[in-house]
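Feature annotations, courtesy of Swiss-Prot:
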- 12, 13, 14, 15, 16, 17, 18, 19: ATP binding site (BINDING)
- 14, 15, 16, 17, 18, 19: substrate binding site (BINDING)
- 37-40: region 'Interaction with substrate tRNA' (REGION)
- 103: site 'Interaction with substrate tRNA' (SITE)
- 124: site 'Interaction with substrate tRNA' (SITE)
């Protein structure tokens with residue numbers, strides 16, 4: 001790269017190897033990693049988010065891990081301001097920011113100049129009342145009628161984002177995604193975006209294995225501890241894949257086997273949304289996640 005402080009973003013679906021590649025690139029390029037996974041922002045959400053341990057970070061500085069309390073509501077706008085400050089501090093110190101994660105809105109908030117649409121408490125209250133009246137799935141179906149593209153990237157059982165999308169649509173008179181910047185504009189800081197491409201035959205077994213290992217490593221105990229610190233089902237963290245299923249198990253709604261299987265299913269569903277989102281961005285340089293991703297990434301960057 002001509003400019004050693006130009007950020008590199010490593011994006012792609014869950015379980016594709018982003019975190020390991022980020023560490024390797026940081027070693028090679030004198031870089032520091034900036035987390036772009038919304039659930040890894042939460043303190044104590046470790047096993048279920050595949051957060052790298054200190055040993056796995058191999059001495060590389062990782063920013064924006066463990067910054068939010070478990071009861072806090074996630075905010076892309078708040079993340080954006082924090083992350084921009086971190087990236088620009090890394091650049092001032094002459095190092096390469098390595099942005100790593102697959103949380104779609106968070107990635108775009110960082111690499112694009114995304115100005116967030118307005119809020120209106122009365123409009124939001126109206127949609128929250130509608131949510132309480134009909135339930136999240138019916139409200140999500142209404143969103144799908146108004147804005148199919150927004151519905152395709154918002155989890156079926158995510159009441160907060162469903163309400164927010166409907167609020168934005170009403171306030172702006174435009175689709176929710178119209179508030180996002182076009183994906184053909186130059187990315188902020190001229191960030192180089194590398195995508196880990198996967199196929200279902202390769203990725204699904206990795207998802208299954210990773211899920212099973214999560215539970216073997218004490219994931220249920222992790223969630224139990226977080227409940228003691230304020231984790232509830234009706235919260236941002238409580239809607240996270242895996243955590244939601246364990247909470248359903250605690251509530252007697254899922255057996256152990258169902259809890260594990262539903263976590264796998266939820267992860268595969270999320271991966272489909274990630275693929276759909278990222279493939280629409282022509283600025284992403286794709287490499288094969290099943291190959292030597294480090295060598296391929298360096299070739300792209302040279």
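Glycine too: its Cβ is placed from the backbone N, Cα and C atoms.
Features as recorded by Swiss-Prot, highlighted on the structure.
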{"residue": "12", "record": "ATP binding site", "DSSP class": "coil"}
{"residue": "17", "record": "ATP binding site", "DSSP class": "coil"}
{"residue": "103", "record": "site 'Interaction with substrate tRNA'", "DSSP class": "coil"}
{"residue": "124", "record": "site 'Interaction with substrate tRNA'", "DSSP class": "helix"}
All-chain count of other Cβ atoms within 10 Å of residue 17 (ATP binding site): 18
Sequence-distant neighbours of residue 19 (ATP binding site) in its chain (C-beta under 8 A, six or more apart): 50, 52, 56, 100
Across the region 'Interaction with substrate tRNA' (37-40), average pLDDT on the 0 to 100 scale: 98
Those recorded positions listed as 14, 16, 103, and which of them has the most Cβ atoms within 10 Å of its own Cβ: 16
Check: same-chain CB within 8 A of substrate site center, minus 14, 15, 16, 17, 18, 19: 12, 13, 20, 50, 102, 196, 289
Secondary structure tally of the region 'Interaction with substrate tRNA' (37-40) (DSSP, helix then strand then coil): 3 helix, 0 strand, 1 coil
When distances run from the Cα of residue 124 (site 'Interaction with substrate tRNA') to each of the binding-site residues 12, 16, 17, 18, the nearest one: 12
Alpha-carbon distance [residue 103 (site 'Interaction with substrate tRNA'); residue 15 (ATP binding site)] in Å: 13
C-beta crowding around residue 12 (ATP binding site), within 10 angstroms: 27
Entry from the recorded positions list 18, 124 having the most other CB atoms no farther than 10 A: 18
